[in-house]
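The ATP binding site annotation in Swiss-Prot covers T10, F11, H18, G89, L90, R91, E99, W124, S125, F126, I127, S128, S129, S130. Per Swiss-Prot, the feature substrate binding site maps to T10, K42, M74, R88. What Swiss-Prot records for H18 is site 'Transition state stabilizer'.
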Amino acid sequence: MTSKAIYPGTFDPMTNGHLDLVTRASLMFDHVILAIAASPSKKPLFSLDERVALATQVTSHLDNVEVLGFSELMAHFAAHQNANILVRGLRAVSDFEYELQLANMNRHLMPTLESVFLMPSEEWSFISSSLVKEVARHGGDIAPFLPDVVTQALMAKLAAA
C-alpha cells in the first residue's frame with residue numbers, strides 16, 4: 001500500500017519553512033501533494049496560478065511531490081485525490097488550538113483522514129508568509145527566508161504595486 005499525503009496551505013508566498021516541511025514529508029510518504037488553496041478571503045498577493053507556478057519551481061527537485069491548486073473543502077479535495085493523510089506544520093503552541101479544530105472538522109467530514117503534525121526546523125520556526133511580506137514592504141532583507149525564485153517574484157510584485 002502506498003501512502004499519499006497532502007500538505008495544504010495558501011503559500012502566499014512559499015517560504016523556506018514550507019520547503020522544509022514538504023521536503024521532510026516527501027521522505028515520510030510515497031507521494032505528497034502540495035495543495036495550494038485559492039483562499040480568496042485571505043486576499044492573497046499572488047494569484048493561485050502564480051503560487052502554483054512558484055511552488056512547482058521550488059519543489060522540482062522532489063520527485064514524489066506534486067503541486068495542485070484547489071478551492072474546495074480540504075476533506076473533499078483529499079477524497080478526490082485518494083489521500084488519507086494531511087501534513088500540517090506547528091510553529092508554536094498558539095498554532096495548536098486552531099490546528100486541532102481543523103483536524104477534528106476534517107475527521108468529521110472524512111473519518112479516514114488523519115492529520116500529521118510536523119514542527120519546523122528551528123531556523124524556520126518564526127517564519128510566516130505574512131511576516132515575510134511585511135518585512136519586504138518595509139525594505140527588510142527577506143532573502144534568508146525564501147527560495148531565490150520566490151524572493152525575486154515577491155520583490156517584483158511589491159515594486160509593481
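A Cβ is built for glycine as well, from the same backbone N, Cα and C atoms used for every other residue.
On the backbone, the CA of S129 (ATP binding site) and the CA of M74 (substrate binding site) stand 20 Å apart.
Cβ neighbour counts within 10 Å, taken over all protein chains shown, single out S129 as the most crowded of the binding-site residues T10, S125, S129. Counting other Cβ atoms within 10 Å of each Cβ, the binding-site residues H18, K42 show the lowest value at K42. Cα-Cα distances to R88 (substrate binding site) place E99 within 10 Å, out of the binding-site residues T10, E99, S125. Those residues noted as binding ATP (T10, F11, H18, G89, L90, R91, E99, W124, S125, F126, I127, S128, S129, S130) have their most widely separated CA atoms at a distance of 19 Å. Sparsest Cβ environment among the binding-site residues M74, L90 (other Cβ atoms counted within 10 Å): L90. A Cα-Cα distance of 12 Å separates T10 (ATP binding site) from M74 (substrate binding site). Taking the Cβ of E99 (ATP binding site) as centre and 10 Å as the limit, one finds 15 other Cβ atoms among all the protein chains shown. In this structure the C-alpha atoms belonging to L90 (ATP binding site) and M74 (substrate binding site) are separated by 18 Å. Long-range Cβ proximity for I127 (ATP binding site), meaning a same-chain Cβ under 8 A and a gap of 6 or more residues, is found for T15, N16, G17, R91, P120, F145.
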